[in-house]
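Novice: Swiss-Prot lists THR187 with the feature FMN phosphoryl threonine, giving sequence analysis as the kind of evidence. Residues or ranges marked as transmembrane segment by Swiss-Prot: 23-43, 44-64, 72-89, 120-140, 214-234, 241-261, 266-286, 300-320, 321-341.
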Amino acid sequence: MSFFIASSPHAHSRRSTPDLMKWVALCAIPGLAAQTYYFGWGTLIQLIFAIAVAVSLEALVMICRKRSPMRALRDNSAIVTAWLLAVAIPPWSPWWIIVIGLIFAIVIAKHLYGGIGQNLFNPAMVAYVVLLISFPVQMTSWSAPTLLIPDHVNFADTLSLIFTGFDYDGLSLQQVRAGVDGVTMATPLDAFKTGIHTGATPSEVLSQPIFGGLAGIGWQWVNIAYLIGGLVMIKKRIIQWYIPAGFLASLTLFSLIFSVITPGETASPIFHLLSGATMLGAFFIATDPVSASTTVKGRLIFGALIGALVFIIRSWGGFPDGVAFAVLLANMCVPLIDYYTKPRTYGH
């Protein structure tokens with residue numbers, strides 16, 4: 001009997017990079033749907049515009065590098081980067097926010113390091129941090145959930161607000177936001193931190209209208225939706241469970257310990273798990289195969305480090321949510337983590 005001898009690498013999976021990226025996008029749809037339902041059409045508009053900008057930038061960079069743009073576009077990595085950035089920014093952010101962010105994500109954080117598979121840091125999180133530091137007002141001005149708004153801002157007005165700064169009645173973005181919020185409102189994490197710093201107790205802070213049964217209204221269901229999508233990715237073996245498990249276990253442990261030590265200053269573990277970008281970060285951002293750790297032990301440590309950093313930044317940092325900063329700081333530690341968690345070679 002003759003056997004066919006194939007050359008290496010002897011891959012055990014037939015999934016290609018485009019297939020993996022498609023699955024990531026498909027599994028993010030529940031989270032996108034929840035964000036659109038609770039925060040209006042802005043997130044969906046930002047996503048469509050972001051994909052168009054990301055694809056254009058990817059093609060332009062590949063042409064400048066004298067490489068085939070179609071081959072690069074077929075891997076769908078630019079679409080996933082655009083997706084992660086679009087769902088991370090406030091829905092009513094002006095159009096130029098997404099353009100500047102994607103320039104940093106695609107051109108600098110990705111192609112400056114050599115393109116797909118070569119970047120040291122998560123491109124979407126590099127873009128998010130640059131935007132957050134450079135434009136803090138635009139990046140922290142979230143509107144209230146639609147359930148708290150008497151008159152929802154429709155699709156046409158949302159489109160006009162994003163691209164012109166005014167709705168069809170001539171009201172500016174600031175006027176519209178003041179009309180639906182009463183005050184400029186950030187995320188529940190920001191509201192909780194501000195309330196604690198002003199001397200309120202956690203129960204007093206959580207009695208505000210923006211908070212629901214478990215966490216912030218809308219945000220708890222957005223996180224649950226991303227959790228469902230993440231579990232599907234694990235089931236389909238698109239990602240492995242090590243990084244999300246390390247992330248969520250670490251965040252839960254730290255919030256549980258400090259809620260016992262300082263009960264008047266720390267939110268409960270369930271609040272941390274269902275607030276901000278926790279589930280998006282655990283399943284869709286931290287699991288980036290290029291910038292994350294590569295060993296089994298390393299992935300657990302990598303995820304646990306992110307969870308600890310998220311809790312530290314949320315509790316004592318200058319920003320309400322710390323997922324982006326935590327991921328980038330953990331990316332810096334990947335070479336060290338991989339070096340000390342290398343599996344022993346058989347026979348040595």
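Cβ atoms are placed via backbone N, Cα and C, with glycine included.
Give me the lay of the land around each of these features.
Specialist: Residues within less than 8 Å, Cβ to Cβ, of THR187 (FMN phosphoryl threonine) and separated from it by at least 6 positions along the same chain comprise TRP142, GLY216, TRP219, SER275, GLY276, PRO320, ASP321. In the three-state DSSP scheme, THR187 (FMN phosphoryl threonine) falls into the coil class.
For the transmembrane segment (44-64), the residues of the chain that approach it from at least six positions outside its boundaries are 32, 36, 71-73, 78-79, 81-83, 85-87, 89, 91, 93, 95, 98-99, 102-103, 105-107, 111, 155, 158-159, 162, judged by C-beta separation under 8 angstroms.
If you look at the transmembrane segment (72-89), the same-chain residues 6 or more away from its ends with a CB under 8 A from one of its CBs are 17-18, 21-22, 24-25, 28, 31-32, 35, 43, 46-47, 49-51, 53-55, 57-59, 62, 97-98, 101-102, 105-106, 110, 115-116, 123-125, 127-128, 131, 139, 277, 280, 284-285, 324.
Note on the transmembrane segment (120-140): residues 81, 84-85, 88-90, 93-94, 97, 100-102, 104-106, 108-110, 113, 186, 190, 285, 288, 291, 319-320, 323-325, 327-328, 331-332, 334 of its chain, located 6 or more positions outside it, place their CB under 8 angstroms from a CB of the stretch.
Nonlocal intrachain contacts for the transmembrane segment (214-234), taken as residues 6+ away from its ends with a CB within less than 8 angstroms of a stretch CB, comprise 23-24, 27-31, 33-35, 38-39, 145-148, 187-189, 191, 240-241, 244, 270-271, 273-276, 278-280, 282-284, 287.
Remote same-chain residues near the transmembrane segment (241-261) are listed as 230, 234, 267-269, 271-273, 278, 281-283, 286-287, 292-293, 296, 299-308, 310-312, 315 (criterion: CB distance under 8 Å, separation of at least six residues from the stretch ends).
Counting residues 6+ beyond its ends, the transmembrane segment (266-286) has Cβ neighbours under 8 Å at 24, 27-28, 31, 84, 87-88, 122, 124-125, 187-189, 192, 202, 206, 214-216, 219-220, 223-227, 229-231, 233-234, 239, 243-244, 247-248, 251-252, 255-256, 258-259, 292, 302-303, 306, 310-311, 314-315, 320-321, 323-324, 326-327, 330 in the same chain.
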Novice: Grab the same-chain neighbours of the transmembrane segment (321-341) for me: Cβ-Cβ under 8 Å, and only residues 6 or more beyond its ends, written as numbers and ranges.
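Specialist: Distant Cβ neighbours of the transmembrane segment (321-341) are 88, 120-122, 125-126, 128-129, 132, 187, 189, 275-278, 280-281, 285-286, 291-298, 301-302, 305-307, 309-314.
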